[in-house]
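Visitor: I am attaching a structure below and will ask some questions about it afterwards.
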Amino acid sequence: MLLAGSSLLTLLDDIATLLDDISVMGKLAAKKTAGVLGDDLSLNAQQVSGVRANRELPVVWGVAKGSLINKVILVPLALIISAFIPWAITPLLMIGGAFLCFEGVEKVLHMLEARKHKEDPAQSQQRLEKLAAQDPLKFEKDKIKGAIRTDFILSAEIVAITLGIVAEAPLLNQVLVLSGIALVVTVGVYGLVGVIVKIDDLGYWLAEKSSALMQALGKGLLIIAPWLMKALSIVGTLAMFLVGGGIVVHGIAPLHHAIEHFAGQQSAVVAMILPTVLNLILGFIIGGIVVLGVKAVEKMRGQAH
């Protein structure tokens, strides 16, 4: 359940970021068409609703379709690997987990960099003009591909866990259970994502009702919606470290057992929380190591050229 919840938060964060980027793109395109490119891109709910509302569900549907394709690939692949090279499952999952940690650290560094070096109006205008020059459809497709890539790693973990549960069952049962879980998870997760990203539209709809109670509820949703998306972004990034760190830790048996043993010596409450906290911290450390490794490789390649 913890993995499923963390995976959902990671996906929500990815899609929330994706929708924000596409919202900026859409608003820029609209301003460009009008022959105006303003400085103010504070994408509040009212400004974004005309553009963003048209693309929210298509974007979620695009990622959901990619998620289904991921599972169509992963289910038979998992069965083949399990049958012929079962030892490869754990290393492959660990690579995926390390990649999630890497993405989490990249997000944190990007956020810190943005806070450290705030743009002046000229830099902001230059960046926005560069963004506006891009093809909106290609931009959207590229963003969706990134979300589908994250989904692939999380889907692989869910498929692997399910396969571990039904490993001793006949092949037909394994296929049916894996396919059923894959379908239910995809429909459930992206159905919930679709509801969450339409909260602001629900708020507008309720705010226009004649009932004072409905209007108050609608206004409340409009106030909550942007804060909810910000909270999801923070919690989703933490979930990347939690899921990714957990995958890597589980793949290193001595480390996993040491954490479990240490947690078992603590009080009941601490024993329940400690493994999660340690997975989170280790996830950040793992991500940091991968980022340093990637930057070192990029530096060497730059020197080679």
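Glycine too: its Cβ is placed from the backbone N, Cα and C atoms.
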Visitor: According to Swiss-Prot, do Ala258 and Glu298 sit on the same side of the membrane?
Guide: no
Visitor: Which residues of the same chain, at least 6 past either end of the transmembrane segment (93-113), have a Cβ under 8 Å from a Cβ in it?
Guide: 10, 150, 152-154, 156-157, 160, 237-238, 240-241, 243-248, 251-252, 283-284, 286-288, 290-291, 294
Visitor: Does the transmembrane segment (177-197) come close to the transmembrane segment (72-92), meaning at least 3 CB pairs under 8 Å for residues 6 or more apart?
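Guide: Yes, these stretches are in contact.
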Visitor: Calculate the per-residue pLDDT averaged over the topological domain 'Periplasmic' (173-176) and state the result as an integer.
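Guide: Taking every residue of the topological domain 'Periplasmic' (173-176) together, the mean pLDDT is 85.
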Visitor: Of the residues in the topological domain 'Cytoplasmic' (198-231), how many are helix, strand and coil by DSSP?
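Guide: Computed counts for the topological domain 'Cytoplasmic' (198-231) are 29 helix, 0 strand, 5 coil.
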